[in-house]
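Take a look at the structure below.
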Amino acid sequence: MTGRRIVVLARHGESEWSKNNIFCGWYDSLLSDRGTNEALECAELLKQSNYEFDRAYTSLLTRAHQTLNIITEHIGQSSLPVEESWRLNERHYGALTGYNKAELATKYGEKQVQIWRRSFDVLPPPMEATHKYYRAIWRNPKIVAQSYTSNEKFPSTESLKETMERVIPYWDNTIVPNIQRGQRILIVAHGTVLRSLIKYLDNVSDNDICSINIPSGIPFVYEFDDDMKVISSRTFLGDKKRIEEGIARAASIGSH
């Protein structure tokens, strides 16, 4: 098959923890009411643009699945094959998980919190077994199930760098072969996962990736040639003002 190959990516809608300005990471928070509306907005943008897909990829986390389910139902593809993997989970925020970002900014300074959130290779403190949400994360049935089928060690904390080390091999080895077969792919994932892919596909520097933010609920498109070279990148669908507002919101200290 020759011609352009299109991949659509979307960040899940706002979660309940994000609404409350809390570091979420691998905790399995549900979508907020706003997040549900954002997922519907995403679905409507795809429907208006007549997108259809052959396969979808997402994480193990419920907020991503809720978003994907809303999208596929709205565009009339509720039976779309879906592959899920822990490698598409949000970045693990370690010991920061469950803490309010504004309160941490007061305690450690906004600069330090932004370094934890947006720097390329600075790790937050790891999550220890005594952490309040340790059991909630590691007893998630989907995470338990994948722990039995994977020889890889799951993280206790991650920066963008560590997140890329699991996301990019999954992209190269699992997703790309299906794109090359001509399948139309939808990826519904998390902010740091999508930033990992953007950094890799657009060859963004370690410094510049810190200033790239992904709005929730707004799909964006990559086009590739037959050799998987990027023809066009990060083409957001929808109203320009809404896109700009979403990016600004994602960049703020109160967003996740």
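Each Cβ is built from the backbone N, Cα and C atoms, and glycine gets one as well.
What you are looking at is a predicted structure, and each value in this text was computed from that prediction instead of being measured.
Under the heading active site, tele-phosphohistidine intermediate, TrEMBL lists His12.
Per TrEMBL, the feature substrate binding site maps to Arg63, Glu90, Arg91, His92, Tyr93, Lys101, Arg117, Arg118. If you draw a 10 Å sphere around the CB of Tyr93 (substrate binding site), it holds 26 other CB atoms from the protein chains shown.
Here Glu90 (substrate binding site) comes close to Cys24, Gly25, Trp26, Ser59, Leu61, Ala189, His190, Gly191, Thr192, Val193: these same-chain residues lie at least six apart in sequence, with C-beta atoms under 8 angstroms from its C-beta. What TrEMBL lists as active site, proton donor/acceptor is Glu90.
Neighbour count (other Cβ atoms within 10 Å of the Cβ, all protein chains): 28 for His190 (site 'Transition state stabilizer'). Positions annotated as site 'Transition state stabilizer' by TrEMBL: His190.
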Largest CA-to-CA spread of substrate binders Arg63, Glu90, Arg91, His92, Tyr93, Lys101, Arg117, Arg118, angstrom:
21
Ten-angstrom check, please: count other Cβ atoms within 10 Å of the Cβ of Lys101 (substrate binding site), all chains counted.
23
Sparsest Cβ surroundings (other CB atoms within 10 Å) among the binding-site residues Arg91, Arg117:
Arg117
Surrounding CB atoms that lie within 10 Å of the CB of His92 (substrate binding site), all protein chains:
24
Length of the line joining the Cα atoms of His92 (substrate binding site) and His12 (active site, tele-phosphohistidine intermediate), in Å:
16
Arg63 (substrate binding site) has how many other Cβ neighbours within 10 Å of its own Cβ?
29
